[in-house]
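Here is the structure we will look at.
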Amino acid sequence: MTTLPEGYRVVAVPRDRKPEFHGVDHLAFAFEPDEKTSEIVPDQLEWDRTMAVERPDGTLAAVHASYDFDLPVPGGELACSGLTWVGVRPDERRRGLLTAMIDTHFTRSLARGEAVSALFAAEPAIYGRFGYGCAADDVRLKLPRGAALRDVVGSGDLTVRFETLGDEHADLVHRLHVAAGAGRPGWVTRSSDALRAGRVVDPPAWRDGGEPMRIVTVHDPAGEPRAYALLRRKETWVDAGPRYPVSVREAVALDAAGAHRLWSFVLDLDLTSDVSVRMLAADDPLLALLVDPRGATPAFGDNIWVRLLDLPVALGARRYSAPLDVVVDVTDTRVATNAGRWRLRTGGPDTQGYPLTATRTTDDVDLHLDVRELGAAYLGGRSLDGYARAGLVTERTPGSVRAAASAFAWPVAPVCSWVF
Ligand SMILES: CC(=O)SCCNC(=O)CCNC(=O)[C@H](O)C(C)(C)COP(=O)(O)OP(=O)(O)OC[C@H]1O[C@@H](n2cnc3c(N)ncnc32)[C@H](O)[C@@H]1OP(=O)(O)O
């Protein structure tokens, strides 16, 4: 049932309505790109996945879009609808427009065979009500210049290049990004040429007084790239001398030696005082290598949010860390086909872990939970046991929460390294 005001309707937005689509987003997010920025930044939207709410007079009141992604999950991956560009005109807020768009998004995603949706939340209070669970934390650091790292064998054999980031780096960045994230749940890669190109653009308006974006690449003795960081320094002088901050947009490494060489270089740039980096996995090698992690003032924030749209397909697409046989009673107020009792039973393990089948059942319930908590636990980085302690998962059969928590947990921490 639509929540829209009378006369409003959800419509698809073709590319020739791009200025109107962008116009709503500019009002919602309070920005207006200059001409040069619009020229430089590629159009990353997929125009068969752009939707809006149209007012009775034919103008647009709200927009959203999605990307066609493959979401890496523990031991596998599956088709995922990456919700993005959600915006409602300020004078149309709190009239149910987002709610209507979410229902459209779910219906269209399911029709395309996308069993999950994922997003980054502009504000964390928005999406839980729609069944999205925050499935990963990321770590943010502010490292003092010269922060010491533990030794890694082979780091000294690697060489570093420092260049201005340009279109010519798009391929290298994409290749290393894909390879470095192999096996990491949540590590969505840039799935189109436009998204790949968008990662290496740097319009002057984005620089906030800093230098153009640079790229540090680390190479093995054969010249093959092993790691990169995209970063910007900002010229800053105080009475005591230079205090340039360094801001890292993204840093990935294929192995420990690459990570060590990369960070050794980035942490030792002349004139600088500190290095800020965001969106690291909770088990990123940098955190293990730091001699004084406390000195890096670690903070964490919500990273990727996941929504199960087709429960049996989604749960069947990943692997599990331990055998499991439980009956869960799932509440889902928006996708009725997910709600109710499911038996989750694993089969014999393969090389990735234990496969699982979710089947309808009328057997007694072992535990109750909402689809939001299932989404949060889906990538293996959030504990169902922790949610039970918070009263968000209810155990009927003693031991069932612990069993489910052990099975859903995964040894590699989930994270997505970029906001889509
Ligand atoms: C994936 C992404 O793209 S994230 C980007 C999201 N966009 C933005 O933050 C841009 C600025 N904000 C907006 O455009 C809008 O305010 C939106 C999209 C956040 C919400 O759109 P609305 O049409 O106002 O939402 P809608 O009226 O459907 O609200 C549904 C419910 O969510 C609640 N809600 C909506 N936005 C928020 C919020 N930012 N914080 C807390 N609650 C919220 C509403 O109060 C309402 O609650 P209720 O059902 O208890 O009454």
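Using the three backbone atoms N, Cα and C, a Cβ is placed for every residue, glycine included.
Remember, TrEMBL labels are computer predictions, not curated facts.
Over in TrEMBL, the protein carries these features:
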- Val86, Gly87, Val88, Arg94, Arg95, Gly96, Leu97, Leu98, Thr99: acetyl-CoA binding site (BINDING)
- Tyr127: active site, proton donor (ACT_SITE)
- 186-299: domain 'Eis-like acetyltransferase' (DOMAIN)
- Phe420: active site, proton acceptor (ACT_SITE)
Distance filter, Cβ under 6 Å of ligand 1; input recorded positions Val86, Thr99, Tyr127, Phe420; output Val86, Thr99
For the active-site residues listed (Tyr127, Phe420), most other Cβ atoms within 10 Å of the Cβ sits at Tyr127
Between the C-alpha atoms of Val86 (acetyl-CoA binding site) and Tyr127 (active site, proton donor), the distance in angstrom, to the nearest integer, is 11
Other C-beta atoms that fall within 10 angstroms of the C-beta of Arg95 (acetyl-CoA binding site)
17
Under DSSP, is Phe420 (active site, proton acceptor) part of a helix or a strand, or is it coil?
coil
May I have the list of same-chain residues other than Val86, Gly87, Val88, Arg94, Arg95, Gly96, Leu97, Leu98, Thr99 whose Cβ is within 8 Å of the Cβ centroid of the recorded acetyl-CoA site, in sequence order?
Val53, Ala62, Glu92, Arg93, Ala100, Met101
State the Cα to Cα distance, in Å, between Arg95 (acetyl-CoA binding site) and Tyr127 (active site, proton donor), rounded to an integer.
16
For acetyl-CoA, with binding residues Val86, Gly87, Val88, Arg94, Arg95, Gly96, Leu97, Leu98, Thr99 per the record, max Cα distance (Å, no decimals) returned as 15
Within the same chain, the residues at least 6 apart in sequence whose Cβ is under 8 angstroms from that of Thr99 (acetyl-CoA binding site) are Thr3, Phe130
Whole-number Å value for how far Leu97 (acetyl-CoA binding site) lies from Tyr127 (active site, proton donor) (Cα to Cα):
14
Radius 10 Å, atoms counted are CB only; among the binding-site residues Val86, Val88, Leu97, which position scores highest?
Leu97
One should report the C-alpha separation between Leu97 (acetyl-CoA binding site) and Phe420 (active site, proton acceptor), rounded to whole angstrom, as 21
